[in-house]
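Worksheet for the structure shown next.
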Amino acid sequence: MSEELAPRPNESPLAPQAGPREVWKKGGRLLSVLLAVNVLLLACTLISGGAFNKVAVYDTDVFALLTTMMLLAVLWILFYLLRTVRYPGAVPYRDAHAGPIWLRGGLVLFGVCTLVMDVFKTGYYSSFFECQSAIKILHPLIQAVFVMIQTYFLWVSAKDCVHVHLDLTRCGLMFTLTTNLAIWMAAVVDESVHQAHSYSSSHGNASHTRLASDQRAGNAVGGDSCLCSTAVCQIFQQGYFYLYPFNIEYSLFASTMLYVMWKNVGRLLTSTPGHSHTPSPVSLFRETFFAGPVLGLLLFVAGLAVFIIYEVQVSGEGGRTQQALVIYYSFNIVCLGLTTLVSLSGSIIYRFDRRAMDHHKNPTRTLDVALLMGAALGQYAISYYSIVAVVVGTPQDLLAGLNLTHALLMIAQHTFQNMFIIESLHRGPPGAEPHSTPPKEPCQGLTFTNQDALHTLPACPPSPGLVSPSPADQQEAVGIVSTPRSHWRRRCLKDIALFLLLCNVILWIMPAFGARPHFSNTVEVDFYGYSLWAAIVNICLPFGIFYRMHAVSSLLEVYVLS
């Protein structure tokens, strides 16, 4: 038997052995990735081209592409649910780490908000349907159907390890992932153009970037009759713009879950699953000192108040923008400083933690780490551009000092928080202390063992000393190592996780719902020029916003694992 077809040491002997189709596993992945890259590049070209007046790409072209992609993705999902998973032996394994309940719950929450956004969008375009293309009304309706079907699909199938229709499933998952990324990109571009247009209008400048859409296409067809002039139309327009953050997060949540499903296609798992914890709502704040949740809630409420004051004073007339910026930066400096210290404290506590590191293969955890590190680069870039503008530029006043401190703390907070989260995700569950002296033989030194996992060990003869533990014995064994000191450490880690979670929620709300001190504070605009600085912010800020929500999901898992 060739080396590629030989069973791996950590695979169950009852697992299906890799046949000829599994030899092409990397090739199947390569085919699906190439499909996704080409489709995504096409979507990027149309979406970015539709954001500029000088490019002859209308938003109807973008809507037509997105509608077609969503319809194709829906057809594949229906095929998967009605045919693929009903095949005999189609899903022999389910990944316990994939699709945790809080991730699926967040997907449902953002999906419901996206449906409300689609209702507002349909109402907005229906307000002047006589001079609009039918695709503008059809697009939000198709998106609503796509969101409902995809949410159900991910809720019931996120843990699947499919073993039939391998290449078709990989290509379908990658195409659906690409569709979500295209929707995310269109929403980010539309929101960025809206923010840029608002800034240009308030400063009396011509818009540098405008959607080649409503007014350009509308004036060519129906003149002023296509303008949003009624009160109901303006409510619909403002409503769906404020709901864009939920649509953006929904697309990203779905993309991460689809990627994990793609990695699990054809995956062979042993019969002994890894640890999986699902917290009950009653026990969410149990075994904490309550200092973390209380302080986090105080900062959350204070952040909401600061955000409201900032929005009112910046958008109002009376020259109170500088006062609003001082309040905004001051709160963020306090919040970032506390989260930095708390993250550093959590890393120090881990230096005294005896829990073993979990080195098992886990695609979900690998993706979480990659997304945390990659998404943080967006905020790193904005911070370093701000530091250069403040240090080199003039004048050096209070606002410049606050801006510099804010940028430095933003870098430190992302760094130390990533260190804490990543180390937490790699820690084993409570009671998983490493052995001081490893056994010489695979079967020696085992007091309790899983009889199924025992078959995976080479040359493991039966031994009368090996017994399967009862639940009471397991609790007793864990209680032996759970000393009062380790219990105190776990309570501290739970407090830290909840505090960081609440702080990241408010730090997500502020930029996601329109706080743009990058443009209200003219230091960077004057130093780099509006066009360059707007490009930097509009490209990097969406990654920073996604980082906050992904950190919330990871911190909830850290809380459970603590």
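Cβ coordinates are placed from backbone N, Cα and C, and glycine is handled just like the others.
Just so you know, TrEMBL annotations never went through curation; they're auto-generated.
Here the structure is a predicted model, which means the values were calculated and not measured.
Feature annotation from TrEMBL assigns transmembrane segment to 30-50 (among others).
Annotation comment: TrEMBL describes 62-81 (among others) as transmembrane segment.
What TrEMBL lists as transmembrane segment is 101-117 (among others).
Proximity of distant same-chain residues to the transmembrane segment (137-156), defined by a Cβ-Cβ separation under 8 Å and at least 6 residues beyond the stretch ends, is recorded for 63, 66-67, 70-71, 73-74, 77-78, 80-81, 99, 104, 107-108, 111, 114-115, 117-119, 121-122, 125-126, 129, 176, 179, 183, 250, 254, 257-258. According to TrEMBL, the feature transmembrane segment maps to 137-156 (among others).
The transmembrane segment feature in TrEMBL is assigned to 241-262 (among others).
According to TrEMBL, the transmembrane segment annotation covers 289-310 (among others).
Listed by sequence, the residues of this chain that lie at least six past the ends of the transmembrane segment (326-350) yet keep a Cβ under 8 A from its Cβ atoms are 295, 299, 302-303, 306, 309-310, 398-399, 402-403, 405-406, 409-410, 412-413, 416-417, 419-420, 423-424, 427, 489, 492-493, 496-497, 499-500, 503-504, 506-507, 510, 515, 517. Summarising the annotation, TrEMBL assigns transmembrane segment to 326-350 (among others).
The feature transmembrane segment is assigned by TrEMBL to 370-392 (among others).
For the transmembrane segment (496-515), same-chain residues at least 6 beyond its ends with a Cβ under 8 Å from one of its own Cβ atoms are 195, 242, 245, 248-249, 285, 288, 291-293, 295-297, 299-300, 303-304, 307, 310-311, 328, 332, 335, 338-339, 342-343, 345-346, 349, 417, 420, 424, 541, 544-545, 548-549, 551-552, 555-556, 558-559, 562. Annotation source TrEMBL lists transmembrane segment at 496-515 (among others).
Annotation source TrEMBL lists transmembrane segment at 527-547 (among others). Sequence-distant neighbours of the transmembrane segment (527-547) (same chain, 6+ residues past either end, Cβ-Cβ under 8 Å): 188-189, 192, 195-196, 205, 208-209, 245, 248-249, 252, 371-372, 374-379, 381-382, 385, 388-389, 392-393, 414, 508, 511-512, 516, 518-519.
Among the stretches 62-81, 241-262, 370-392, the one making the largest number of Cβ pairs under 8 Å with the transmembrane segment (30-50) is 62-81. Counting same-chain residues at least six beyond the ends of the transmembrane segment (241-262), those with a Cβ under 8 angstroms from any Cβ of the stretch are 29, 32, 95, 98-99, 103-104, 106-107, 109-111, 113-114, 116-117, 120, 147, 150-151, 154, 157-158, 160, 170, 173-174, 176-177, 180-181, 183-184, 187-188, 190-191, 194, 363-364, 367, 371, 512-514, 542, 545-546, 549-550.
Through the fold, the transmembrane segment (370-392) approaches residues 256, 400, 403-404, 406-408, 410-411, 414-415, 418, 421-422, 518, 523-524, 527-528, 533, 536-537, 539-544, 546-547, 550-551, 554 of its own chain, all at least 6 residues removed from its boundaries and within a Cβ separation under 8 Å.
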